[in-house]
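Asks: Sending over a structure as structure tokens; questions will come in a sec.
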Amino acid sequence: MSRQSRTRTGLRPSFDGALAGIAVASTAAVVLGALVQVRYGGYQMPLETVWRALFDRAVWTNPDVLATILLGDGHAELLGVYHDTAVLSDATAVVWTQRLPRVVVAVFVGANLAVAGAIFQAITRNELASPYILGVSSGAGFAVVITIVFSLGTSLLPVAAALGGTGAFLLVYAVAWRGGTTPVRLVLAGVVVGTVFNSLQTGVFYFIDSNGAMRTAVSWLAGTLTGVGWTDVELIVVPTLLVVPVALTAARHLDVLLLGERRARALGMRVETIRFGLSVLAILATAAAVSVAGLVGFVGLVVPHAVRTVVGSDYRRLLVGCLFAGPALVVVADVIARLGLGGVQVPVGVVTGLVGGPYFLLLLRRTESFNEF
Amino acid sequence: MPQRPHTDTDEDPVESAAVLGTDLELGYGDTTVVDCADIVVPAGEVTALVGPNGSGKSTLLKGFSAELAPDAGTVLLDGTAVHDRSPKQLASELGLLAQENDAPGGLTVGDLVTHGRYPHRGFLDALNDADHAAIDRAIDLAGVEHLRDTALSELSGGQKQLAFVAMALAQDTDVLLLDEPTTYLDLHHQLRVMEVVRTLNEDRDVTVCVVLHDLQQAARFADYLVALDDGTVYDWGPPEDVVTEDLLADVFGVDAAVSYDDEPRIVPRRALD
């Protein structure tokens with residue numbers, strides 16, 4: 001009997017209908033969203049042209065062209081693989097250099113925010129925690145507005161956002177620390193630091209003098225994917241490749257952390273060390289997303305929450321689900337942000353917010369008791 | 001008030017101690033809650049900590065499990081200080097079932113018990129055969145096999161407690177501390193929990209130290225009783241020696257009749273002023 005159940009436990013993670021459902025549905029949403037995103041816009045093309053552009057032999061059979069597109073002219077030249085991309089057809093150029101990278105960035109932003117949210121929900125033992133709960137958003141926002149006010153150059157914005165977010169997080173930890181931390185202390189410290197930085201940010205806003213700079217600042221704070229390219233993909237790929245495997249390995253520790261601090265300690269966990277390490281991991285994921293897309297809201301809150309209601313609170317399954325559902329939400333939201341209003345593009349964060357609000361309304365109406373955690 | 005353990009046992013209690021507290025002072029901030037000269041949990045026995053609310057039972061347990069660093073004195077586990085061990089090392093030798101038992105509702109009993117193997121696994125280790133064996137044994141011993149794939153949110157309070165007991169058993173330690181494991185449970189599950197503890201002690205020779213609220217239950221199930229009064233050891237020894245009408249009057253402030261015919265029986269009459 002015990003052997004039978006052991007086999008069952010062993011098999012369960014590899015065959016999980018709910019998780020497979022999320023993966024399939026999310027992948028379908030990403031693919032459909034990508035097709036719509038690539039086809040429509042200022043330069044319209046029939047689906048057939050899209051297809052031909054995506055599988056253009058001029059790109060796929062020529063590694064130098066592919067490398068030049070992905071790495072950008074400068075880096076390609078540096079590596080000696082530069083090839084003039086003017087040889088490409090208009091359709092191919094639009095698809096490969098403008099629309100496709102935007103979809104790819106959306107995928108990575110969604111994955112990072114969802115994973116970061118899932119981790120922060122375990123750390124704070126609060127299923128309504130978001131990646132921004134420990135001050136990251138306000139720190140990054142402040143740094144971005146400062147960068148714009150002092151005209152330090154828009155190329156510095158990703159760095160400023162990452163540094164500001166990380167700085168605020170460290171400050172939160174320092175404020176919360178008193179011979180150790182607790183989830184409540186961390187959240188409260190997040191409120192303290194967040195409030196101060198938000199005030200500073202609002203104050204500094206008034207020193208922005210040009211309308212264009214104001215628009216840049218606002219779209220950064222709302223979270224936008226307008227104008228992203230392959231350089232942004234490069235920026236976010238590296239931290240993602242680190243975060244995802246480590247998070248999946250740490251899933252078991254997140255599960256134990258969720259059992260409560262005393263219990264985790266009784267099981268021999270160095271709670272403070274693990275908690276700080278996991279926070280750093282989640283901050284890395286958040287900073288990666290923020291540096292390319294700004295402060296896209298609600299993704300890191302809604303996605304882990306929704307996935308949890310489907311696959312349960314086992315963190316390995318939850319994180320895998322987030323890796324699929326996060327990209328789906330951001331890709332689809334970005335289609336709406338870019339194409340939904342005809343000519344005017346809105347920041348993708350506006351759309352994710354519009355999706356996130358009703359999700360919780362639905363939850364409020366349908367759920368009797370909230371004890372999933 | 002006898003501060004020293006009784007000497008009417010076969011062996012020297014300090015020699016055979018699994019857990020030994022010496023000149024122990026435990027407290028929070030500036031308040032000292034526990035202040036006792038010697039406290040012994042004999043190896044291979046079931047020891048119950050009893051005492052009224054605020055007498056320092058749970059605090060003492062926190063000192064034993066190194067959750068609370070003593071302000072003075074030492075706690076020795078198997079002869080070496082608990083605080084000298086790494087958390088994982090300690091958790092593989094000493095298990096603790098705390099009072100708070102909230103856990104994610106979506107977790108199944110099987111998942112929960114698996115977490116009991118935490119101290120035995122490296123950061124990257126998958127479950128090995130020894131882990132599976134310990135998990136199966138713990139689930140079997142706690143009698144929750146039929147609940148293995150049930151989510152915690154669907155369990156009754158008593159079933160949930162048995163699941164947590166199973167988790168602590170999967171830890172596979174030589175010493176197990178339990179903080180009021182039967183409080184809030186119905187009678188059936190109270191007895192189930194205590195029977196599991198008893199079996200664990202008899203079959204696997206695990207040293208058990210359990211905080212119990214119910215004096216009669218403590219007298220029935222434990223080999224030794226430690227009666228705490230206001231942070232000090234009031235008395236220590238076999239139940240018949242410790243649970244007396246004097247103890248009830250002095251420590252618990254209750255006028256009661258105590259008798260040992262075939263079973264310990266405590267009949268409380270009234271509260272003393």
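Cβ coordinates are placed from backbone N, Cα and C, and glycine is handled just like the others.
Here TrEMBL flags A:20-40, A:103-120, A:132-150, A:156-174, A:186-208, A:280-303, A:315-337, A:344-364 as transmembrane segment.
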Asks: When each of A:156-174, A:186-208, A:280-303 is checked against the transmembrane segment (A:132-150) for Cβ pairs under 8 Å, which one has the most?
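Replies: The stretch with the most contacts is A:156-174.
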Asks: With contact taken as 3 or more Cβ pairs under 8 angstroms (pairs 6 or more apart in sequence), are the transmembrane segment (A:315-337) and the transmembrane segment (A:156-174) in contact?
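Replies: Between the transmembrane segment (A:156-174) and the transmembrane segment (A:315-337), which are separate recorded stretches, there is no contact, as judged by 3 or more close Cβ pairs.
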Asks: Six or more residues out from either end of the transmembrane segment (A:20-40), which same-chain residues have a Cβ under 8 Å from its Cβ atoms?
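Replies: That would be 46-47, 50, 53-54, 95, 99-100, 102-103, 107, 307, 310-311, 320-321, 324-325, 327-328, 331-332, 334-335, 338-339.
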Asks: Below 8 Å between Cβ atoms, which of the listed ranges A:103-120, A:280-303, A:344-364 makes the most pairs with the transmembrane segment (A:156-174)?
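Replies: Ranked by Cβ pairs under 8 Å, first place goes to A:280-303.
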